[in-house]
C-alpha cells in the first residue's frame, strides 16, 4: 500500500499537472510517432537511385530498363555527374551511378567500361544495386560475345527483356515486415531517452533529500524501492501505449504485429532500459552528469543492437557483442511477432530481456541510497 | 580578469571529474570503435558483406535430370556456395512445412517441363517460396534470379541466333565472371577516398558537441543548489561574469573533446576530415555556441532542472534524427524540417569539407550555421535578461 502511495506521488510529480503531462508524456510520444511513421513510410517504399546516362546506347538503355523493372528501385535521371554528386551529398538519393560514354561500344567490343557508383553511406539498397549492376553488365557482355554485331545484339537484348524465363513468388507472409527493424530501432532509441527522465526524477528526490525523509517514515526499504519502480514503470508503460496507439490508429502505420504482443515486448524492453539508466546513475556520484552519460550511452548501444542497420551487416565478433545489448533482442522479438510467430516464438528473447532487467535493476536499486546526496 | 578566474576554475573542475573524463574520452572512442568495427567489413572491401548462408531447398520434378542449363555448375561455383547451401527437396508441401518451422530459409520449386519449355522458346517460370528472413529472401531471390536471367539470356540468344550457336554461352559466361563492372567512386571532388564511416564520424561529432551544453547547465545549476552562488554574490564579481565565464570554460573543454574525436578517428581509423582545418574549427565553434545557447536558454526558462535536461536531450536527439545523423532520410518533409536544425548545416558543412567541395559552398553552410547560432545567441541573451542568473 505504501508502495502505491509512493508510486502515485511519482506519477503525479511527472504528469500531475497539465503542463507536466503535456511535456513528459504527450508531446514526446506524438513527436516520436510522427518521426517513426515518416521513417516507416520511406523504408517500405522503393530506394531512390540516381543515375547519369552519358552513353545512351542499346546496352545502357537495356541496363536501365531492367533496373526499372526491379521492384526495389526508383530511378531518377540526373544531367551531370557533378549534379548527381551534390544530390547524393545532400542525401536526396540513397546511391547513384554513372554510365560512361562508350559503355555500349565497350560491351560490344569486349573491352567493357565500368559503371561508376556513388553512395553517401552504405545501405541494403546500395549493396544490392552494386550486385545487380554487376550481373546485368556481365550478362550483356556474354550476349555481346555471341551476337557479334550491333543489330543482332539489339534484337537479342529485346528478346531478353521479354523475360520468357522468370520467377514467380509465393509469399506465405512468414517474414517480418521489411524496414520494421529500423522503425523498431528508432522507437527503442527514443523510448530510452524518455526513460532517462523518470530515473533522473528519482535522483532529484535523492538530491533534495526527499528520499531521506521517506526513509525516516515508517516505510520499509523494499516498499520504497517497489514504489519508485512502479511509478517509473507506469509512466514508461503509458508512453509506450501512447506511441503504439498513435502510430497504429491515428497515423495508420501498420506494424504487422498484434498490439498486445507488441506492447508486452516493448514493456519488457522498458524494464531493461530503466535498469540500465538506474545502474549507470548508481555508478556515478553526480546525478546530473548521470543523466547526460545515460543519453550518451544510448547511441553506441543502439548501433550495436541493430537499431540503425541490421545486426547481420556487422562482422562476427560484433554480432556476438550485440547479444549483450537489449535492443538486439527486442528487435528480434518484434520481428518474430511480425512474421506471425506468436508469443511462443519469442520466449527466448523475452527471457533474456527479463534476465537483463532483473540484473540491471538489482544493480540500479543502489540509486536509492538516501545518504548520497552529494553534488561534486 | 575575474572572468578568467571563473573560466580557469571551471576547466580545472571539469577535467578532474570522473564522469567528464568518461564523456570526453571514453564514450566517443567507444562509439568510434563500434562504428569502425561494425561497418569495417563494408569499408574495407567495398564489396557485398558476408552474410550467413541461406539454406535453400530445390524441389525438382520427379524423373528429370539435374544438369539442365548448368544449374549444378552454378550452385557449385564458389561465389554461390559461400552464400547458399542448396538441398534437394521432396515435395512442395514438405518445403513449405520446413520453411514454416525455420529449418530452411528459402525454397525453389521447378515445375515439370521447365527445361522443355525453355528449349522450345516458350515461357517458363520457377516458383520461389519466401522464408522467414527478409534479407535472406532477398539474397536468395537475387541469386536465383541471376541464374534465371542467364537462362533467359540463353533462350533469347537461341531464339534470335538459332539453338546451335547459343549453347557455348554458358562457357563464355564463366570466363568473364572475374571482371568487375562496377567501381566504387568517391564523392570527394579531388578523387580522394571517401567512406561511409566519415558520414557517421561527422554526425556523431556534432551530436557529442551538442550534448556538452548539458555540462554548462549542470555547472550553473550546482552553484544555485549548493548555495555557492549566494556566496559568490558577496564577491566583487557580477553574475554576468560568472555566467559567461562558465560558458567559456565549458566551451573550451568541449572543443577539447572535438579535438579528441577528430584526432582519434583520424589516427585510429584513418577518417579523413578534409583539407580545411580552419573551416572545420569554425563549424565546431559554431556548434558549441549553439549547444551552449540552447542548453542555457531552456534551463533559464524552465523551473526544474530535470525538466530542462529532458527537453534539451530530446531536442538534440530529434535534431540529429531529422538531419539524418542516424540514417539519411530522403523524405521531403523531413528534409525541409531538417533545414531548421543546427545538425543539418553542421553535418552538410563538414561533409563538404571532407569531400573537398568548393570553398564558396562550404562557406555557405558555415554562414547558415552562423545565422542559426546568431538567432540562438539572441534568444539566449533575451532569456538571460528576462530570467537572469541569480540566487533566488
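Cβ coordinates come from backbone N, Cα and C, glycine included.
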* Which one of these stretches, B:308-329, B:330-351, shows up in TrEMBL as transmembrane segment? -> B:308-329
* Structure fact -> The residue range that TrEMBL labels transmembrane segment, out of B:164-186, B:279-301, is B:279-301
* To do: Among B:113-143, B:237-267, find the range that TrEMBL records as transmembrane segment.
  => B:237-267
* To do: Please indicate, using numbers and ranges, the residues of the same chain that are 6 or more beyond the transmembrane segment (B:237-267) and have a C-beta under 8 Å from a C-beta there.
  => 2-11, 14-15, 20, 23-25, 28-29, 32, 201, 204-205, 208-209, 212, 215-216, 219-220, 223, 229, 273, 280, 284-285, 288-289, 291-292, 296, 384, 388-390
* Asked: Can you say which of B:197-216, B:308-329, B:362-384 has the most Cβ pairs under 8 Å with the transmembrane segment (B:279-301)?
  -> B:362-384
* Asked: Counting only residues 6+ away from its ends, which parts of the chain sit with a Cβ under 8 Å from the transmembrane segment (B:362-384)?
  -> 240, 243, 276, 279, 282-283, 286-287, 289-290, 292-294, 296-297, 300-301, 340, 342, 345-346, 348-349, 352-353
